[in-house]
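*Asks:* Annotation source TrEMBL lists region 'Disordered' at 1-26, 102-151. Annotation comment: TrEMBL describes 1-12, 107-129 as compositional bias 'Polar residues'. If you look up TrEMBL, you'll see 11-79 marked as domain 'BHLH'. Annotated coiled coil per TrEMBL: 27-93, in sequence order.
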């Protein structure tokens, strides 16, 4: 035995034992607290991973939607261009028809008569109420529209 060690009195020994027990209890409590904190952190980490996974999937779906919407926008732009070209063609046809068949905005004596007395003679019947120039321009527009559809 080591005789250089100082012998403790019974009171000192009791105090030392009590201090050692208290330190063990504190360490055990700290260990349990750390274990609980670890369990909570693991649960939070799992929840965070789950949320990240959900957000990743949602982001992928949104990116797919963006791609689809970009394609739709491109198609609509192309349709808009086609409609603008058709409109331009129709406007040119109308200008051409107007240049072929110029007519005044005021009524001619024949139109005044036709309003008072409907006639049924020949292709220039005034029962329709449409002047010849307007009928011809309508025919030209119909022809242009059908040509555009077949092109």
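Note that Cβ sites are derived from N, Cα and C of the backbone, with glycine treated the same way.
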*Asks:* When the domain 'BHLH' (11-79) is classified with DSSP, how many of its residues are helical, how many are strand and how many are coil?
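*Replies:* Breakdown, helix to coil: 69 helix, 0 strand, 0 coil.
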*Asks:* For the coiled coil (27-93), would you mind checking the mean pLDDT of the predicted model?
*Replies:* 96
